[in-house]
Structure formats: structure tokens, C-alpha cells
Amino acid sequence: MALTYRSPVEEVLTLFEPTAQSLIASAAVSAFQRHEKDNFEWFRYSVPAFAKEHLSKAGIYLSPYAGFPHSHPVCKTLENYILYVVVPSIVNSTFFFVGIKDFKINFLKSRFDKLNMISALNRYVSSADKIRYGNDFVIRAGVEHRALKRHRGLVDSPTLKALMPNVKSGSKLFLHDELHYWSKEELIGFLEICEPEVLLGTVIYPPELLIGSDCSLNPWCYEYEVKKKKLLFYPDGVRSEGYEQPLSGGYLLQTSRIKLPNAGIYCVDLLCSRFAHHLFSITRGDLITPDNRSFGPFEAVHSGALAGISRGKPNFYPVSQHTILRVYRYLRSLKKPDKQSAMAKFSQIVHEPCGRAVKFMEEFSDLIINTGTLRTVINPEQVKLFFGNLGRCMPPCFASKLKGTRTVCLDEFISMLRPLSVDVTLETISMHSMTMVVTTWSQEAEEGVDLPKIFEEKWEGKQSLDRTEAPYLGLAPFVDYKIQWRLQFNIPKFLNQLAELFVNSCSVNGGVRSMSIPAYLRRLATCRSCVGRAMLCCLTEVDIASLRVVVRNRYPYTEDFYRCRRRWFLRIGAQRRPSFYIEDAKHLERLGQFEEEQFQRPMSRRSLYTLASVSMNGTDDPFCSDCFYDPVPVARAKIVPTPTVIVERALEPLAIDTGTTSDAPCDAPGATCLRGAQAVVCACGLSMAVSAVPYAELKMDFYPDALKGRDAAWYSKEDREYKYNGGSHLCRGWPKWLQLWMQANGVDETYDCMLAQRYGAQGKIGFHADNEEIFMRGAPVHTVSMDGNADFGTECAAGRQYTTLRGNVQFTMPSGFQETHKHAVRNTTAGRVSYTFRRLAKKDESRVIEEVVEVETKDMGFSSSLFGVQIIVDEPCDGVEETFNVQCVPGDGNCFWHSLGSFTGLTVECMKAGIKNFACGPEGAEKLSRQLEPNVWAEDEALCAACAHLGVDLVIFDEDQGFKMLYRYPGNKREALLRLKGSHFEPLEPKEMCVVKAIAQAVKRSPMDVLRVALKKMGEDFKEQICRGKGVMLDVFMVLAKIFDVSACVLQGTEQIMINPKGRIKGLFRMTTDHLSYDGVPDKVKHSEVNVYKHDVALQIEDLIELRELSSLVEYTPSFSRAKLLADCLHDGSTGVMCSELYNDKGHLCPEGRETTRVTIGVLLGTFGCGKSRLFKEILFKLCGKSVCYISPRKALCDSFDDEIRKARGNMGERGIKHYKSLTFEKAILQASKLHKGSLVIIDEIQLYPPGYLDLLLLLAGPTMKYFALGDPCQSDYDSEKDRTILGSVRSDVFELLDGIEYKFNILSRRFQSSLFRGRLPCLMYEEDLEAGAPLRLIDGLESIDTSAAYSRCCLVSSFEEKKIVNAYFGERTKCLTFGESTGMTFDVGCVLITSISAHTSEQRWITALSRFRKDIVFVNAASVAWDTLQSVYANRWLGRFLNRSARQEDLRRMLPGTPLFVEGFQKNLLGADEGKRECKLEGDPWLKTMVDLLQVEDMEDIEIAKEVLQDEWCKTHLPQCELESVRARWVHKILAKEFREKRMGCLVSEQFTDQHSKQMGKHLTNSAERFETIYPRHRAADTVTFIMAVRKRLSFSCPIKESAKLNQALPYGPFLLKEFLKRVPLKPMHDRKMMEQAKFDFEEKKTSKSAATIENHSNRSCRDWLIDVGLVFSKSQLCTKFDNRFRDAKRAQTIVCFQHAVLCRFAPYMRYIEKKLNEVLPSKYYIHSGKGLEELNRWVIEGRFEGVCTESDYEAFDASQDHYIVAFEICLMRYLGLPNDLIEDYKFIKTHLGSKLGNFAIMRFSGEASTFLFNTMANMLFTFLQYDLKGNERICFAGDDMCANGRLHVSSKHKNFMSKLKLKAKVSNTMNPTFCGWNLSSDGIFKKPQLVLERLCIAKETNNLANCIDNYAIEVSFAYLMGERAKQRMDEEEVEAFYNCVRIIVKSKHLLKSDVATIYQTARVD
């Protein structure tokens, strides 16, 4: 597949010869030349790349050499396109051009012959025209007028004034950029008067204005602003070039015809439209015209469905379609999408987005990430679609909160996504048609508008307000007007405002109108405002009818239905409009002025109005002018608020007395005058007068005591403390302000205590009496209510009655009232304050009692009866939700019956039908009957009837009143618990009822039935336990089990408890810390015969795929003899402790007659700490609900598994882990036949079981189980003193299982965290986890132990007897285990005790002990011998290897059974191994993530190729005895002093040589001034002098213009250079798709191979803010260890240039493709050392026979010498290989334009380029091919600037002249000892100079870095080491000595080697 599409013609052309192609191309060249010549003058302006793309897509030609600057090049190009391309094809010489400069006319005449007769009609319209046109035309002073009288205003307009006299009728005109200034009337008048035949005109108008856009949607082309009715247009966004035009000037965009007043018709056609530039044709005559018109494209999309969840419902979003789709696809393709990646992708696509686009993309990406997908086409998700669309009916602010709606909107938006287009329906315009209205989103304030002034000039306040006019300056005190005209006169809006005015003026508190609409309008018409009367007079009957509709639909009658409930429907009688309060004198004055204007009723400043009641009798005009307003002088008004009375005994409200208010003084500020009932009336007729509180505001708001729902303060004259059940009050004294307050408000001064309370909203107090002992009995109580409203209730034998208290009022409950009545408060408003004044009892007679005060008294012990049901008010109820679970029931009016049904099991209809027959007295029959109707609330009658009829006592927790109500009927045996809150009943269930539920599940009954029986059988004590919500004890469960005859098997951890074993009902229960659950029938069957297969718990093969891949599958047939031997030992008690016949009454376990069946066992083996158990636990918890049995030989391991199960309960639930078991090995044998068939059986630590255990288990459990064995055969095995004589000689199960079997063994341990363990144990360690640790500690003698040290907390010993020693010396706190006991355990630090007995311990136990510790291990020598002796005793044992660091992995093979295959980690077949890998790596660099493919790589099977293995020739190598110091003595005198070697620049000095020892705690091999590191210069990035030296030598600077010119001059040489190269290397030009894909993959794989942290640290290079043509220059930090750099002075550094990642990602894949194409055809005689190993180089060198004189070449400043000739060769090479032309152009741009902070570079090569090594190598090859006379038999190797040939090369003079042009100059060397890339070449192979390796090894020692680099140095030495004796022939004496020291250092440090190179040195011995 080609990189770019080519048409068939293009494909054929590529097959022609170049000469034929040139012939065909000549025609195209001529055409291009002609076209460029004709159009260059018009399209020569330099435009941005983005604009160039859009203009080209719009069909506008742009010169390829457009370099002329212009202030607004894009709009100028568009103007030229229309004027010089479009218009000339339409017009002819008969046209007159209007409003155009002469040079443009002359240009058209000269260019187009048919326009040589055109002429211009210019005139002065604006002041700028005098400059634009000059004085070269004549204006007529006077002409004959063709206009009629009605045209007088038009002909005098500036636009037409000078034009019309010069235009003849029937002429043809072209108006240049002028029509958008003409108004519609001017255009119609001009067409009517002048009657032109054709009128062409250009219009500049952004079409997006037609859809309300307030900003440009093509900002690259133009920008604009809308200010009032003006459009400010800025071409190319340049404000200095902007101009102003009418906002309505775009009416032609929506016009198809123009109808003239004289009935003439003109047709309007849009001939050309490019963005904001349009060409219109207006032709005379009535012909067919289009009906619709569309404009585009725009950088925007239609908002579509997203408008429904967006603020303001926008029409579009300013982002292009392809951008949105690319970002959407990109985020949907990521496994872990994030907003950073989305913004990076957006920045990659759009280089300079606007702020709105950035904001949209940020929020749009967040929507994509947090919103899932929805299927709407195939298998649609109809339910989600339905509910999602349902939410779209809501406002956007609510719809956006619904997840389903967001999903539907996003899905529809993407599905229907389309670019924004402005579609308009064309209209016919006339002189009187409505002008186009352009609405934008602009919300700017109008200039010159004083809003306060306009408010004042409305109907209210203008004539009466006395204030200085001032502009609006911020938040000023506003006045709330009920009536004001806010809009200009517009009938529809006027009617809406009139409706609101009518409702506000004429509605009372029930929504009832106090007058009809006609009557209101008649009254309104009497106002003095002329404007108002004029507006009202305009209303017709139709308008009044419309007003009625508006009022009826928008303002329906409303009332507080929730408060009145059913009484709302019965509400009759007087309705009263609420009073409203006069705030201040100014308000009063303004209201008076309004009253006078509206109703011609004067009102004085001291008058107060209140509305009289008006009865609604159904008439249409209930208005009465005499009683509508009733003025009452303020000075004579008595201030009495109006209470509303509600009697609960009757459903209807009491009639309210509306008598006339008596006159009384009313001087208090804020006082209120209300009309109506003036007393708190009790049901018995008692009346308590209510009076106002004139000075309520003088109170002190201080409430320090917090109560439930209110705050309080207690005041007393006698300083008494007030205590009660809910708390207590400290006395606040009797302050002065309180005394004055009582005097001012007329409160009797005999009261000596007061409780002040401030309520919250909906506060309440139950019925109570103020008769506490602290107060005087029979004394009156005075109550004050302020700052809010409340319902005050009274209760006596006659019933209950409530009175609503509003405002600041007070009254007194008379003497004796507390003994005969009770009172209550409810429905308090927030902030309502009550003062309760009382009299204290005498001090000697009173006592402090724990009584509830007014706010807390709940009428304790109150009792009544109804229908024989006793109603008891019990103790207060608090914390209902803490002790009970609340069950939800519907709130449809039947909530009580729904709740009761939860206990009775009956439906609502059934219960109501039964109760209808309930016999009750005549008093309650009517009420009960009404309450049994559908959806009617239940009251006391229904509750008592249900209690008596259904036999259920009711316990109701009334949270609103705060107490518990009991409804009891004699003989009832059941009880229902209900909660009443907010007038809603809900059933309650005790929270901790797990015991009851578990019993209920076992007996198959409802929990309520069980609870009822339990309450009956167990009494009140059980009821109290249940209701406390704390659960019950186990002994209670035992009693319940007996009551219900349940045989309960209770699982508590690993133990089983049998309760009531003789019970009839069997049940399995599981008990945890605080919970009991029913698990069904017992999990284990009683007999194996009934153990049937259960599919839901059995595991299938597919459930175990992961386990089977990780393990080795072994076929095994259990041995009956081995099983019987172990069964015998278990039976006689010699093995185990649970299976003995003598001690445990167990029978013989060996099954008789059981057939032995072959079983597949998964074996998962690995070394210590490899993660066997952890891996299994991770996999097991994926087997939710399956049956798993974990078997362990150690109880501690079982406990650990149980802990993991408990942790998993939170995620998997109780059912998920129900069938998980952990058993010790004996319990597993006993229960094997009862396990579920198909269970997963895990045998952990397989090496620790007694021999024959596996056989016995397989025989007992059967072959249906899935078996997996874990363990490590190298660790502790089974050993028991009791059965050692019987089983000691029997081979263990793991050896029997794996005998002769090949299996995987994991040798990678992740346990160890200290480098102390490196090389001491036979395993691989995870190097990243190893931290530097202290050296190994060896303690001599038990007396040297530090018992306070960390290692003393754990000690391992070899026998049980040695535990006594540990206890004696370490103490009791030390955890002491034997080696065997520690199997499977891990500790951080600890010690190992070595005694004389330890030598008899097996190796398996020793390796177990040595591998138990993660961080540190300490050895304590208690063997009474020296460490040297111990080391010799244990020399060939694990302890000796540990001490000597000589442990090897191969030592494990001798201890393992079968044929182990060592693997590193648990490996499985990886399918899609790299899925998501790159995405995770690139999380820290979201920009780079957008540049690489994140796709999963296709899995390919590796083909194993058979390789021939030859035995290497080996001969003895003599290594002379030579010390390091003697080698150093040969050259130490060459090290000069530091001051002589460094370079100076002014006061700066380089820092390349050290004279101090390393700070890395390395070895001191020499004195600090002669360190090995001082041999070589070291470059550091912070060394300024070294960097400047590098810049001066290695970088060349120039400017892009010069470099581009030089490259253009060199390009003709490119084909010549390519031809010479192809002679030697015949590249294939055909494109190879697979090779290109592989090249791209290789680059991306290399780029993402770094760690995620490294990628994130370099993420700034991926950001678009880093310009692509700017590089970052820095010097490479390195130690220059080339042989030529030994003992030299300071040298210049190597410079590196960092490029933007976009540049690398652009070129790197193609450079790798070129490299693959090169290697594809590279002859074998040429070698390129790239991507190859040293072994391959070694083989090629041996084949090349590098003997005798060879040729080497080196270059001076190789990178800087890669000049324009080399780039010309590279460009021709890329074209030859068919690389895209745009890539080649990008490459040329980078090479010529690259710069940095230092300046612009010349054409050269940079280290850091994507193509550095490849093109360096190819330039080296090209230079070699041109410089030398090659015969064809030479073997030459290349690598960058290195070249070496196996013979003497002779210089050729053939290309001498051309070679002199190149900056590239070679330094040729003919030598007998050739080198290449630092390697010596010979016919025996390659080897490194020993001096270099030795000095590097010593430097590594000095810097403590040997462990990290010894592998590399060992590989370099190995080539000479493997040459054997032949290496000596290639070295001199100094080299041989250095080589010996290299080998010696490597062998002595062999334990540090981590690679396979260590095997080469295994036979080495150091004497």
C-alpha cells in the first residue's frame, strides 16, 4: 500500500522513462507558468499556513511564491479573487463601477479586453472618500429629479444624494464593497427611481451573525464586534484596518426578491460567497429564485443534542467536526482516558485555538471520560434510551445531572454531528417589511443608560421622591414595589405584565380574586398617568379575553394544600387578604402617591391601610370600592395581630370574628394592626386575651443553652439552677434590660423567673402543663411570642384547639389553668422567640427536680381509650434510627395500612374491608368510615379499630412530638412497631435481628412470625434486648433454637458448635464477631454416598486456565500401598493427633476396594519468596462462589488463609466465600470424602506432608477434584520422631510425584530487600528491591548478644532442645522457632544460632533457615570453635556457601527431583502481552501519547531455529604474576598536574580532572592526585568552559536564507551522488509496507522502552509550546575513556541537540525504514555496526582476515562537515525510495531553519537527530566510495564516522574536483593493528585494549560502582580470554600485564556477575 494515494495516470507515469516524463510534464509546466503570470499580481501576499489551507479548499489560487507582506493578506486575497476573477467573467463594458479606485479600474481594463470601455461613478459619501478618490472626478451641481415626493428623504441621504443623478434608467451597475452600508429603504428607493437592469454588488458581512454568534467563527480570516446597532469588522483580526458598518447590512443574505412600491420586482441571487465576502446580483424582473440559502464552512459544529445539557442551549460549538471526531475516537481508544491526553491531542490538531474552543474541549473531554457508550443501532438499549430521553424534557441544569441523559445526549451528538452551516429561508422584502433582527449573545450594559433614573420615571415615585439624581454605583438599598411598568409598550408583553399586576393587587390568601378583570381595568383607567391611560385605551375585547386566559393559566387559585389537606376542598366563608407592613416614612409616602394616582383616594403620611374581607359568591364582579381599602389613622389604631383559629375536633375551621378593631394608641415602631379574633380560645370556651408587644425589639438575643431544635436562656431573681431530664440551665441572673423590657411591654413585675427560647423552623412542643414543683402552684403563666409565628394549642376535657399567633403578641394563662388544662406549640417559624414568665415557689418549699420544662414536657403518663383500645403516651423516644431499621412504604395516604401490612401480611384493601364491619359507637362511626376511604389518612379512630379488629397492638414512635404512643387491646398477641414522622407511617424492625432472621430462614417463616413467637415465649427481657438494637447473646440463640426445634451447626472460625443436636430442623449457621447468618443446610454431607455433583460450586476447566498456565501439569496414579502405610500410622497414632483409633475413636482411613484412577495434578514449585502463596490467593478470590479447599501442614498457614478470606468478604460477599475452607492435613483426610465434587484442592508446602499423604488424599477425595500442589522440595521436609522408623525410609510425595518429570521451577525471589544477601543464596533476586545494607554480622559466643537489638526478637535454632538456650540468653520475649517450624514464614530481621548440634541438620532445613529474613540476618556462634573452623566444616554446605557468597543456582538441581526448568517468575502464555503497555508508560507525557500508536501488537509465534553448536578450541593461557602497582608504574609519570591540564577562559577554569578521592565510599587504590580517573578527562554539563569549547569547535552558525540558497545550489549534485552510492549498494526503490510498519513499531517501542518516570521528565519536549525549529543545545556528560584520550589535556565536549518530539516522531520511522532498506541489499563485504551484537562483529572480522596493512579513516569535525552536498544526496535518496514529498520538504525545512538560543545553525549533523547515525554512516560510505579506488574485493566496516578496511586503500583522483567542494575531510591511517569502534581487529577475532578495560575497572572500584558495570567489562575481556594463547601474540608486554589484572579482578568479583558471562570464568582459579 502506497504512503499516499496515486491516481492510475500517476501510476502509469512512474513507469515511463525520465525523458518521457519530461515531455509530458512540459505541458503542465507551461500551464503553471501561464497561470502564475496571470495571477501572481493578485495572489502574491504571504498568508499563514492555516489560512492557506482554507483558501485553497475554497478554490482560490495562491502563488507558490507568495512572499509579499500585507496588513490583512487573507481578506485582501478574497477581495482580489472576487474583483479580478469572479466579476470579470460576469460584467462587460456596459457596466458602470461605483465606489472603486481608479487604479483598480485601469488594472481591469488593461488585463481584460472586454472591459476596456467600463467607467467609474464615484462620489463623496464619507470623509475618507476625499482621500480615497481625490479630486479627479466632477460632481453635478443639479440635475433633473426623477423622484416622487415620497422619495424626498431617500434622495437626500448621503448614499444616494450624489449617485442617483449620474445613473441612467436601465443601466448596469457594479457596487464595490458598498451595499452593506445601504439600508433596505435606500436600496428599494434606488431601484424604484433609477430602475437599473442589473445591479451587481459585493457585500462584506459575517453570515454567522444570522444565528446570533457574537464572535467570528473564522478568526483566521476576520473578527468582529457588535456594539449597539453597529458592526465593527476587522479584516484578518487587524483592528487598525477595521471599519464600521450597520448591523442590519446583511439583509441581502436572507433576500430572494425585492418588491418595489410601484409593484416592480427585482430578483436577488448570490453569485459567489467566500466566508464573509459575497457577490450579489440584483436583476429586474420576476423570475424563479431559490427559497433557501446556506453559508459555510465554519470552524464550528451544530450543538445538536448537547444543547440540552449545556448552559443557555447554544446553537453551536466553535470547534471543527474533524477535531471533535478525532478527539472522541482517541479517547474512546485509550484504556485509561484522561483530560490531559485529550487536551494534548487537541493541541496537536489545532495549533492556536481560541479560548472558547479550549474551554469546550476541556469540558467535552470530561463528558466523554465520565460517560459510557449506548447501543442505539444494533441490539439497542431501549430502556436506557427511554429514560435518557425522558430526562431531556427537564431544564439543562437538571438534565445534566442525570447520567442516562448525558449518555443519550452524547451518543446523539456524535451520531448526528455535522459542521455548522447557516441555513436561512429567503424572503421577499419591501419598503414596509420588518427589518432583520440580529440577536447576539452579548450581555454588555447599554452605554448612556441610567437605570435608576428610568425606574424613577415609571408610574411610581417620580413626582413624590425627593432625591438627587445619580448613576447606579453598586449595591444600593432597593425598594420592593408591587406594581411597576417594566417594559415598553408591546401588547403581548404588556398583557403579561398586566396579568401580574392584576394578581398582585387583587388576590387574597387563597388565591381568590377580589375583583374581576374588567372592573380592575376600569379602576386602573382612573389613574392620572397619560401613558397608562393611553396604553389601556388601546386594549380591545380580544386583548381582554387574552388577558383572562393568561391569568387563568399562569396564576391559578392556590392555597396551602399541604397544611389544610382535605379541608382545602371544604374551605368556605370569608377570605382575608394578608396585611402588609409599612417599613418607613419614605415607603409610606410612595405608597400614598400610588394610591392617589390609582384610586383618587388621598392618603396622609400617618395613615395605614388594611384590606377588609371580601366574600366570594361566584359573581364576576365582587369588587366594592367602599370596602376595598379601609383607611385607619395610625394614631388611633390598636396594634393587635390577627390569629387564625383551627379546631382539631372539627374538620372545618371555626368562624372568625371580623368585627371592627377598637381604637387605641399605636406609637411603637414596627407595630402591627390586624383585624379578627383577639383571644386564645379553648374548646371549653375559655378565652385568653391577646395583646401586642409594643417594644419587642428591645430584647437581648442571648441563648447560651442548646436544646433539641432550639436555644434557651434561664433567668431568675433567686439565682436558682433549673434541671430536667434533657439537660440543665444555669441561672443568668435578673438583668436590668429584662426589667426595663417588662415595664415597657406591660408585663406584671411579680413574675420572678423567665425561660427564653428561640426556635428553629417547624419546632413543636407536646401537650403539657407548667406545674413543676419549682414553680408556685396555681400561679398564672405569662407567654410572649415574638419574631415569628406559631400555632398555640390548648387541651381540656372538651378537646383540643389551636390558635395561630402571628407577630409580636402576648397573653396570660390564668391561675389554676395548669391544673385543668394542657397546652402545646407547633409549626414555629425559624427565629420565633418565646418568653415564658412564671413565679417560683418559696425556697423552703421548692426542690430541684428532674422534670421536663415547657420545651421538653411530653405529657408523661397520659392515657385515654377509644373503642376499648387503651391509648398510652409512653416515655420520650430518641434515636429511633439508631436501634431500628426503617422500611419504606408509599406515601399515598395509605401509609399506615401499608406499614401495618408488613406485620399482618394482609393487603390494604383486605384490612379496610374487614374493619368496615367493626362495631363501634355512633360517635366514631362517621369518622372511621371516612378514614377507610381510599387514600385517606388514618387517625385515632382507624388506628384503634385496626388494633382491636386485627389483633395487633401498635407501638408508634412519634418523632415529631418526641414520645412513644401505645395502642393496646386486651387479648392481642401480636405487636407492630411503627414510626410516625412528618405525618407519614413507616414500619420498624429492630436493627440487630440477625438471630431472628437466621432462625426464620431455617424454619421457613417470616421474621415477624418468629419474633412474635419469641416475644411471647421469652417475655419482656428478650423484647428489651431486641429493641436496644445491640443484638443478643449466644445463650439466647440456644434458647431460640430449642423453641423452634432447630438443630444448629454453628461455624465459629475453624470450630464447629452443635446446638440442640436432636432438633427436627437441620441448619448451618456462621458466627463472626458480631453477626450470625444462616448458611442453609450443613455444607458437608453426612455420607459420601449422597455427595452429588453441584454445578454451581464445582470448578470447570475454564475457571482454572490461569492456574494451569502457571503450573506444570503432571499425571499421577496414587499408590494404594503408600496410602495404606500412612493410614496404618494414622490409625495406630504414630502419625498425627486426630486420626487414632485409641485416642480419637477413628476408624481405619484407607478405603477398601477403591480403584486407583490417574489424576492430573498442577504443580507450582519455586524457591523461597517467589510468591507461590500470594499468587494463589490472588487467583482464588476470582473464583467467587466456588468450592475451594486449602490444605496446609501448619496451623499458622491455615490461620493466614482464613485472614485473607475475611478480608475478601467485603468484595465478594458472604455467598462468594461460603464454600472456601482451610484445613490442616489431618482434618482434610477426615473430611475428604465429604467435600463437594469438582472442588479446587490446594495442597500447600507439599514437601512437609508425611509420605503417602498425597496417595491417601487422592483415594479418599476421588478424581473429580481439581488438585494443585505448591511447595519447594529444597526446603524442610517431613520428619517426626514418632514415625521415623516407619516412614523415614519412604520417599516423600513430591519426589514420588516428579520422578522423571520435566517441570517449571521459579528461581526469582522477591523476598530480599538488602544487598547483604546477594550471591549468598541459590536464587535470583529482584535487583530493584535490594538496598545497600550493612556487612554480614558474626557474633562470637552467647555472651556477646545484644538483647536490645532488633535481631534478638527472632531466633532460629536447629532443634527443640536449643530453644532452652535461647530462652536463657535472649529472654522470653524472643520468638524462637526451629528450622522446620519456620517453613512458610518470613521475618524482617533475626538471627540464627549455630551450635555443635546444628551440623547434623539436613541441608533442606539449613536453606530454609537462611532464607527466612528480608532485610538482615545475624549468626551467633555457640559451637565453641572459631569462625574459620566453622567455615571449613560447612565448606560444601549451604551455610558455607552463604558465608563465602558462593551459592549458585545450579546447586539446586542436585536437590530437586526430576528435571527442573528454571524460570524467572511465574510465566504464562502471553497473548496480547503489550496491550496497554505504551499507554501506561506515556501517562506522564500526554502529548507524546498522541504521536505514537497505542494499538496492541499482533501476537507472533517465535520460530525456533536449529543452531549448530561447535566445541570452541581451548588452549592453556599463561597469565604472568604481575601486581597492579607495577602496571601503574609504567605510565604514572604521564599524569600532569591538574593546573597544567585544565583550560582557562578569562577567570573561568574547566573542571575535567579530579584530584580528590571519590565521595561514593569507593576503594583508595592510589593517592588522590593520581587516581585512575585522572587519566581521562571527564565532561560535565555544568562545566561552562568545556561547553564553550564544544560550541566553538563542533557547531556552525548561519541564517536560513543563506543555507536554503546553498542547498538549492547543491541539489543538482544529488542524483550524481546517489548514482555512485547505488553502484556499490543497489537499493530497491519499491515500497515495502511490512517493512515500514516494522520500522514504525521499532521506533515507538524504543521510545516507550524507557521508564515512565523518565518519559514524564522529558514531557516538556512534547508540548507544542516547544517550537519545532528550535533545539536545546547541551554538552554530553561522560568520562572520555578512548585510548587517544589518556593523559591528555582538557578537551572539548560533545554537543547534543534536543528536538521537539514531534520532529522525532515525524522522521524517525522513515529513517528506520531507510536503514532496513539498506540492510536488505547490503553486500556481505560491507558491515554496518548498527543493531548487531559483538559476536556478529567478531564473526565478520574473522571471515574478513584482517591481517597486514589495513586502512583506517577518521574525520575532523564530522558532524559539522555534513554540508549541503550531503543533504542533497539524502534528499535524492528519500525521493528514490518513494518517501512522501511533504516529509522531504519538512526535512529540508529542519535542516535549513533549525536554531537555538545561541542562534541559527548552518546545515550540519546533530547528535540527537532521528537520522544521525544512519546518515552519518551513509555519508561515510559515500565518501569512501568516492575517495578510494575500490577493486571490489575489500571488506570494509562502517559505523558512523568510523571506517576500517582489511587492506590498503588507494586514493582515487576521479572525483578530485568534487571532493574539494566538500567540507568533509578524512584523516587516513594505514596500520598493522587496525581498530574499529575501540576494538582491535585481527584474523583471530576482536579484543579490547586491556589497558582501557583495566583502568575502567579501577575507576569503578574507586567510585564504588563495580557491581553495576562489571558485566559489561567482563564481556569485553571475554573475547581476549576466549582467544586463549593466541591473545598473547596480539599484545605487547604492557597489554598482557593489564589483561592479567583484568581477569584477576573479574574472577575475584565473580559473585557480582549477573549475566551468563559468568560461566566463561567458572574454570578460572586465582592463586
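Positions of Cβ are set from backbone N, Cα and C atoms, glycine also.
The model shown is predicted, which means the values in this text are computed figures rather than measured ones.
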One of His729, His821, His823 listed by Swiss-Prot as binding Fe cation at the site of His768, Asp770: His823
Gly1169 (ATP binding site) CB neighbourhood, other CB atoms within 10 A: 22
Residue counts (helix, strand, coil, in that order) that DSSP gives for the domain '(+)RNA virus helicase C-terminal' (1309-1455): 52 helix, 34 strand, 61 coil
Residues close to ATP site centre defined by Gly1166, Thr1167, Phe1168, Gly1169, Cys1170, Gly1171, Lys1172, Ser1173, Cβ within 8 Å: Asp1272, Asn1306, Ser1309, Arg1310, Arg1311
Close in space, distant in sequence - His823 (Fe cation binding site), Cβ under 8 Å, 6 or more apart: Phe767, His768, Ala769, Phe792, Gly793, Thr794, Glu795, Met813
Entries of Arg832, Gly1166, Thr1167, Gly1171 which, being binding-site residues, have CA atoms within 10 angstroms of Cys994 (active site): none
Cα-nearest neighbour of Lys1172 (ATP binding site) within the listed recorded positions, Asp770, Arg832, His1075: His1075
Structural state census, the domain 'OTU' (884-991) (DSSP three-state): 40 helix, 31 strand, 37 coil
His1075 (active site) and Phe1168 (ATP binding site), distance between Cα atoms, whole Å: 39
Within the domain 'Fe2OG dioxygenase' (750-841), residues counted as helix, strand or coil by DSSP: 4 helix, 55 strand, 33 coil
Entry from the binding-site residues list Gly1166, Gly1171 having the most other CB atoms no farther than 10 A: Gly1166
Site with most surrounding Cβ atoms, counting all protein chains shown within 10 Å, from the recorded positions His768, His1075: His768
Using Cα positions only, nearest of the recorded positions to Ser1173 (ATP binding site) (Asp770, Arg832, His1075): His1075
Protein Cβ atoms within 10 Å of Ser1173 (ATP binding site), excluding its own: 20
Site of maximum Cβ density within 10 Å, from recorded positions Cys994, Cys1170: Cys1170
For Cys1170 (ATP binding site), the one of Asp770, Arg832, His1075 that lies nearest, given that the recorded positions are compared by Cα: His1075
Distance [Cα-Cα, Å, rounded] between Gly1171 (ATP binding site) and Asp770 (Fe cation binding site): 75
Chain-internal residues near Arg832 (2-oxoglutarate binding site), provided their CB is under 8 angstroms and they sit 6+ positions away: Arg758, Tyr759, Gly763, Ser785, Met786, Asp787, Gly788, Asn789, Ala790
